[in-house]
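Feature annotation from TrEMBL assigns ATP binding site to G80, Q81, S82, G83, T84, G85, K86, S87. The annotation coiled coil is assigned in TrEMBL to 481-550, 594-628, 659-686, 755-803. If you look up TrEMBL, you'll see 457-472 marked as compositional bias 'Polar residues'. Per TrEMBL, region 'Disordered' is recorded for 457-481.
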Amino acid sequence: MEMNVETAVRICPTSYPNRDLVCVQSDVYNNTIKLGNLQSIPVQHALPFDCTQNTLYATIVTPLMNYYFEGCDVSILTYGQSGTGKSYTLLGPTLNCALSEKEHGVIPRFLRQMFGNINQDTDKHFLIHVAWTQICGENVFDLLGSGSVECSNVSDAFELLKLGMSNIIGNYAHTLFTITLEQQYFLDGTVQHKISTASFIDLASSDKIVVVDNNGLTQYLPTDIGLLTLHKCIWMLSEMCTYNPNLIPYNQSALTMLLKDSFGGRAKTLLICCVSPLVNDYMETLSALQFLQRAQLVRNYVTVNSYTTYETYENADLFGLQFATNQLFKLVSNAENLFKNLLGTGTINKSQMEQISDWLMLKQECQECISESSEPHRSLDIIEEEIEDRCKSEGSESESDIQNLVQLMNNFRVKTDNLVSHVSDSVNTPKESKNSQYNEYHLKGARGRRASIHSANDFSPLLNYNTNSTDTPKPEGELNTQQKEKLIKQVNADIEGYEKQIQELLLTMNVKEKLMQQLLKHKQTKVNVRKKLKQKCLKLQNDQNIAQNKLKQAKTINNHLLESKLDFEISELSKKINETEFIKSIAEDDSKTITELEGSLNSSRKQLEKLRKCLRRKEKCKLELENDLKHSKKFTKAVVSKKPNSSFNSREITFSEDFEDIKHEIKELRRTRDRLLEQRYKLDTKSHSKKLLNDVEEQLLLQYEEAIEVIDLAIEYKNQKICGLIEIPNKDESIYKLLMQQFHKLNTDEILVLLRKYYQKVIELRSSTKKLEQQVVHTESQNENLLRQIQNLSLVLQRVRSEAERRVLSLEQQHDHKLQLIMHHLSQEGGGDDKQIMSRMVERSKQTALALQVAQGRNKQMNKGSLIARFTRYARQETVPQQLSTALTPSQAKVTRQKNKLIIQQSSK
Ligand SMILES: Nc1ncnc2c1ncn2[C@@H]1O[C@H](COP(=O)(O)OP(=O)(O)OP(=O)(O)O)[C@@H](O)[C@H]1O
């Protein structure tokens with residue numbers, strides 16, 4: 001679509017009461033701006049004199065929103081003299097955007113309208129990014145500090161606006177605010193994508209110089225390099241027929257490079273010219289309107305940025321997961337039926353009954369967790385989307401829901417599997433002895449079944465042995481070594497089971513806690529949702545009553561057509577009422593659920609305490625058994641060694657016993673490591689949740705880390721020992737040899753002291769490494785701060801430099817002016833002799849030049865910085881377009897005088 005750049009003129013309100021001082025008028029009906037009594041400039045939108053922010057937005061910006069959502073880029077620029085309301089038009093009067101919505105400028109209004117549209121469109125997926133830059137000469141600064149920032153609602157966007165505003169430095173810079181909108185939706189089995197950018201450019205005002213071109217036309221050209229290049233580009237674009245588009249000098253300034261798409265590009269562009277109506281500002285207003293006249297001749301090629309892909313939704317795996325979950329649900333409900341039937345038959349013993357009831361309770365608990373964590377929230381999210389802002393965190397929440405779901409289902413599957421096989425086995429062999437049950441159990445263990453749920457009777461020999469146990473009698477007579485070993489194995493399995501149960505319980509508690517947090521978070525939203533839904537229900541019921549009354553009337557007058565129509569309407573309304581009631585029921589008050597969850601959490605805590613107690617008891621029992629076993633082994637060894645004919649056998653026994661011992665030690669080490677890991681994990685989570693660790697905790701964390709590493713090493717060593725892979729160090733190494741000799745002399749206590757010292761040394765080393773790392777991070781952040789300061793300083797330098805350039809330019813102009821006055825004075829003094837005048841003039845100008853040289857010399861000594869600035873300016877002249885460079889060359893200019901004005905005219909070649 002080929003379209004001209006759209007233009008609008010806004011006249012800045014003035015406090016001057018005297019109408020004679022006003023020379024600009026807006027003819028809203030004919031869309032013209034009247035300048036004095038002479039000129040009438042046609043524009044696309046001549047805004048009324050007292051145009052409010054709302055009128056401006058509704059008349060000229062709202063239509064651009066349609067282009068934007070269609071996938072076209074849009075650009076809105078403000079241009080004009082300083083203080084005429086450019087920033088006011090784009091942003092509003094103050095830094096605090098939220099202060100008064102009535103005064104909000106184009107950008108905040110655009111953001112609100114855009115998010116409003118997005119919230120109404122539930123069929124599409126939207127992604128929004130904003131960016132804000134400041135262009136200072138040739139430098140571009142990021143006002144948000146992190147490039148393009150994703151934002152999901154109006155308040156986020158307003159926060160970013162405030163942040164950017166607080167980072168704007170000075171008045172002499174252009175700013176560019178962009179909102180990028182990405183849309184995705186399904187259409188006929190394909191995914192449609194649209195990407196459009198809305199750019200809002202506040203063009204800074206700039207000093208002007210007067211130039212008369214070859215055709216004798218006066219031009220007021222800005223001194224700012226960006227604006228000057230923009231003028232040049234627009235000038236060339238407006239005379240497109242005579243220019244090759246490739247010759248447009250966009251790349252001569254940063255500003256024009258950034259605005260390439262807005263003039264002669266693919267964007268739909270609106271240029272708002274802000275002008276002052278005062279006579280004093282006549283020339284500036286004229287210059288702005290001339291620029292606007294040129295700009296509205298520029299043609300853009302507005303295009304829709306869209307493409308199609310043929311993929312399905314990224315999270316297609318979700319369907320697979322859902323399927324698997326459904327299957328698992330079916331399995332679980334089958335198992336439930338089986339257990340219920342078994343309970344009914346009465347063929348199972350008391351402990352099995354307890355197990356089944358435990359299982360059923362757990363299943364109930366899981367189901368509650370799953371239904372709380374997935375279904376209601378998902379449907380509620382949808383309602384919230386319709387009524388409230390689209391929630392950014394929705395994706396991550398549903399992700400974690402799925403993770404929880406999968407984890408719960410896995411735990412559940414293992415438990416079900418275990419229990420089903422256990423129950424079915426015991427049902428098949430109801431008359432077997434306790435011992436055979438126990439053997440079965442361990443055979444199952446060997447097939448890889450999980451051994452986390454045990455009844456007290458499963459381990460009767462062990463519990464019989466446990467002196468602390470009150471519910472089981474002590475065994476009659478002593479147990480032999482083999483029995484003791486078996487018992488230890490059982491205890492180990494039992495301990496593992498308890499540990500796993502504790503872990504699972506912790507996990508469930510974690511899920512419950514998260515659920516509670518989510519419920520509390522959504523509580524207020526649900527209240528709002530319910531209120532709105534209640535209103536909706538009432539309205540629907542009202543409509544239904546009206547329709548029923550009409551139906552009665554229709555029946556009395558026998559209007560069958562109306563009757564069937566009303567019947568249909570009533571049934572539709574009742575459907576809608578049911579649906580709304582259903583949605584309302586989903587958004588039911590959570591207080592009850594929260595209390596239930598709290599209760600459940602408390603009971604879980606109690607259960608956890610119980611399990612920990614059991615675990616401690618088992619560990620104690622195991623220790624006793626192990627000690628006992630050691631003693632009896634020593635005793636057996638002693639007896640065996642006394643038998644002369646059994647040396648071979650005794651070696652074999654010792655080896656296998658050693659082997660078993662090492663394995664057992666490894667298990668022990670692993671358990672200790674797990675406990676240490678748990679402790680470390682607690683401290684880790686504390687530090688990750690941004691709670692600072694105190695010194696003691698920091699020290700503890702380091703100690704845990706070191707201890708875990710040492711235990712890992714020990715496990716590795718023992719594993720190697722079992723496999724016969726121990727590397728025997730080269731004993732010839734003198735230091736090693738020396739050390740070993742010394743170590744051999746040490747007794748156990750001394751070795752322990754030595755080890756402790758080593759351990760402390762390592763902890764100290766770890767601590768200092770950590771401190772060093774923290775220092776590095778700190779230094780890096782300091783570095784970043786310094787870099788930011790350098791950036792700020794260079795910005796200030798740039799400003800000072802352009803100020804200096806401006807001053808030099810005005811000094812030059814003053815100098816020229818004085819020169820002209822001198823000429824005039826001399827011509828009057830000398831009585832018209834041209835030669836004499838010339839020679840006097842040359843003499844004076846020599847004097848002036850000399851004076852300037854002296855001044856410059858002084859300057860050189862006084863201010864090196866301004867000299868550098870001067871140098872940079874001349875060095876940069878290469879990039880200044882031809883018009884300006886020629887306009888500034890005195891030798892090619894002709895100076896004439898009209899009334900009180902001096903005009904520098906470019907001499908034609
Ligand atoms: N139409 C308007 N209605 C009310 N106040 C206005 C209007 N236009 C400008 N102002 C006020 O005039 C002052 C100057 O406006 P603003 O800062 O927007 O000008 P500007 O063109 O951006 O100036 P500069 O180029 O120096 O940054 C502000 O206090 C602003 O609130």
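Using N, Cα and C of the backbone, Cβ positions are placed for all residues, glycine too.
Any TrEMBL annotation is an automated prediction that lacks curation.
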Residues among the binding-site residues Q81, S82, G83, K86 that border ligand 1 - Cβ under 6 angstroms, in sequence order: S82, G83, K86
Stretch among 481-550, 659-686, 755-803 sharing the most Cβ pairs under 8 Å with the coiled coil (594-628): 481-550
Outside the coiled coil (659-686), six or more residues from its ends: residues with CB under 8 Å to it: 485, 488, 492, 495, 499, 626, 693, 697, 700-701, 704-705, 707-708, 711-712, 714-715, 718-719, 721-722
Structural state of S82 (ATP binding site), classified by DSSP into three states: coil
For G85 (ATP binding site): intrachain residues, at least 6 apart, with Cβ closer than 8 Å: R10, C12, C274
Segment-level pLDDT (mean, integer) for the coiled coil (659-686): 82
Cβ-centroid neighbours of ATP site G80, Q81, S82, G83, T84, G85, K86, S87, 8 Å, sequence order: C12, T78, Y88, S205, C274, S276
Per-residue Cβ crowding (10 Å cut-off), top of binding-site residues G80, G83: G80
Protein Cβ atoms within 10 Å of S82 (ATP binding site), excluding its own: 15
Helix, strand or coil at S87 (ATP binding site) [DSSP, three-state]: helix
CB contacts for S87 (ATP binding site) [other CB atoms within 10 A, all chains]: 19
Winner by Cβ contact number (other Cβ atoms within 10 Å) across the binding-site residues Q81, T84: T84
Chain-internal residues near K86 (ATP binding site), provided their CB is under 8 angstroms and they sit 6+ positions away: T78, Y79, G80, D202, L203, S205, I272, C274
